[in-house]
Each structure stands twice: as C-alpha cells, then as structure tokens.
Amino acid sequence: MAYVINDSCISCGACEPECPVNAITAGDDKYVIDAATCIDCGACAGVCPVDAPQPE
C-alpha cells in the first residue's frame, strides 16, 4: 500500500522533506506521492496540517 495526497492539500510543502525515499513532489495543484516509491511509512501524514496524505 502507498499513501496518496487528497484534494485537501494546501501545497504547504511540509510533507516533502519528511519522506525518507523522496517519493513526494510538487504537482500542479497539490503535492503528489509516487506510489511505486512510497514505503508506506506515514511520515508525510504525521506532519501534514490538513491530513491530506491518506493510505491508498
């Protein structure tokens, strides 16, 4: 399983530096998690102020 960032993302960028495998990048409207790279650690979810990263 991987995490996905839902539409509540405010593009604050808090999640990107927390990802230990660099699976998070800035998208057009929100940040995006590469499911093939994500290791399901939940680090992104732990720092997100709006709980946008959710388990897929």
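Using N, Cα and C of the backbone, Cβ positions are placed for all residues, glycine too.
Just so it is clear, the model here is predicted, and its values are computed rather than measured.
Some features that Swiss-Prot has for this protein:
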| type | residues | note |
| --- | --- | --- |
| DOMAIN | 2-29 | domain '4Fe-4S ferredoxin-type 1' |
| BINDING | C9, C12, C15, C48 | [4Fe-4S] cluster 1 binding site |
| BINDING | C19, C38, C41, C44 | [4Fe-4S] cluster 2 binding site |
| DOMAIN | 29-56 | domain '4Fe-4S ferredoxin-type 2' |
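Feature map: annotations from Swiss-Prot on the structure.
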| residue | record | DSSP (3 states) |
| --- | --- | --- |
| C9 | [4Fe-4S] cluster 1 binding site | coil |
| C15 | [4Fe-4S] cluster 1 binding site | coil |
| C38 | [4Fe-4S] cluster 2 binding site | coil |
| C44 | [4Fe-4S] cluster 2 binding site | helix |
Tertiary contacts of the domain '4Fe-4S ferredoxin-type 2' (29-56), as residues 6+ beyond its ends and Cβ separation under 8 Å
1-16, 18-23
Tertiary neighbours of C41 ([4Fe-4S] cluster 2 binding site) (same chain, Cβ under 8 Å, six or more apart):
P20
State which of the following binding-site residues has the fewest other Cβ atoms within 10 Å around its Cβ: C9, C12, C15, C38.
C12
Tell me the Cα distance separating C44 ([4Fe-4S] cluster 2 binding site) from C15 ([4Fe-4S] cluster 1 binding site), rounded to the nearest angstrom.
5
At the Cα level, what's the spacing in Å between C19 ([4Fe-4S] cluster 2 binding site) and C12 ([4Fe-4S] cluster 1 binding site), rounded?
14
For the domain '4Fe-4S ferredoxin-type 1' (2-29), mean pLDDT (0 to 100)
98
Cβ within 8 Å of the [4Fe-4S] cluster 1 site's Cβ centroid: which residues qualify beyond C9, C12, C15, C48?
I5, I10, S11, G13, A14, K30, Y31, C44, V47, P49, V50, A52, P53
Using a 10 angstroms cut-off on Cβ to Cβ distances, just flag whichever of C44, C48 is the loneliest among these binding-site residues.
C48
